[in-house]
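All remarks here apply to the structure that follows.
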Amino acid sequence: MVKKVALAYSGGLDTSVCIPILKEKYGYDEVITISVDVGQPEEEIRKADAKAQKISNKHYTIDAKEEFVRDYIFPLIKANGNYEGYVMGTSVARPLIAKKVVEAAKKEGAIALAHGCTGKGNDQLRFEAVFRQTDMDVIAPMREMNLTREWEINYAKEHGIPVEATKSKPWSVDENIWSRSIEGGRLEDPSFVPPEEIFEWTKSAEDAPNEPRIVDIDFEAGVPVAIDGEKLGGYALVKKMNEIAGENGVGRTDMIEDRVLGLKARENYEHPAATVLLAAHADLEKLVLTRGELKFKKIVEEQWSEMAYAGLVDDPLFADLNAFIDKSQERVTGTVKVKLYKGALTILARSSPNALYSEDLVSFDSQTIDQKDAEGFAKYHGFQARMYRKVVGK
């Protein structure tokens, strides 16, 4: 029987060297590669396809862009998904990619699933949370062989595999429609200032336009549906916002991130659309949700983000959290006006047919509320603190 293994394939260094390794070191007869398009550059998809056609036994390229935005990004927006300041583009993409790999593996009759993740990062966990729901073997050559990037570069050259990474410029890039991450090489030194050349989606504040860009974003039930009055599909909307915000220098993050395993990592991200859409959505929520809803939702959001970051999207608790979030978003409909200027984002205004804000009630000139009625409340505000002072004698 022909032994087949299905490999999650990006076209990068790690997954490219996995192909000969799976044959030479693990004894598989055929390596089936699967690339999943979640918004990578078209050229990257084309190169991955061309490379895989030469070095793998069979290759799939699966278009999952709309599915990614609809089923992963929009729920993230509704949840105000954020892990330590990271918008989790890579985090939420991995489970979808893994599921597509499993589907292809079953179609091909593969007996094993493989990925090119290292033993130090989070992606191994995200892939395997999905892979291990099957009865197939799971293989992680990078982790199991304890490979270094330098070894991989040399191995690739020995096997005639073209790679873009070099020893002098070894950083790696992971990109989808929601975010672009740049890591590795000198970037791992937190004291090293990243060169401007690593950024592709965003202009520096110095190079951004000298005039601010004002944008209106329409939401329906927590989901962005239009930019400046133009209705757009999910993928098209995120793509357009990436272009608008990136042009104005909005959406860069340089951070120290706590990985699931406990390691701290220096990460550089570009996420223009995510920065704007998340800020606008959170602002609109403040207009339409009650104080109690907002307070409790923050607890839910933190748990949701922790689980999404770890790739635990198939956990029953994650479904429970989404059920609450979806219910909370039924009234989150309206428009938010933002200003983008030289790397800064400013919320200018917001409106909603479901607004709980009443200009008449809060106005200094309004007589709708009798101010004297607040006296009884004021008398007992801070009551326990006053009792404490009496008891301790201070």
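Keep in mind that glycine also has a Cβ here, set from the backbone N, Cα and C atoms.
Same-site candidate for ATP binding, as annotated by Swiss-Prot with Ala8, Tyr9, Ser10, Gly11, Gly12, Leu13, Asp14, Thr15, Ser16, chosen from Gly109, Gly116, Gly119: Gly116. Between the alpha carbons (Cα) of Ser10 (ATP binding site) and Tyr86 (L-citrulline binding site) lies a span of roughly 22 Å. With respect to Asp14 (ATP binding site), the closest of these binding-site residues in Cα terms is Thr118, chosen from Thr118, Asn122, Ser181, Glu257, Tyr269. For the ATP site listed in the record, the two most distant Cα atoms among Ala8, Tyr9, Ser10, Gly11, Gly12, Leu13, Asp14, Thr15, Ser16, Gly116 lie 13 Å apart. Same-chain residues with CB within 8 A of the center of the Thr118, Asn122, Asp123 CB atoms, the L-aspartate site residues themselves not counted, are Cys117, Lys120, Gly121, Gln124, Leu125, Arg126, Arg259.
All protein chains considered, the CB of Glu257 (L-citrulline binding site) has 18 other CB atoms within 10 Å.
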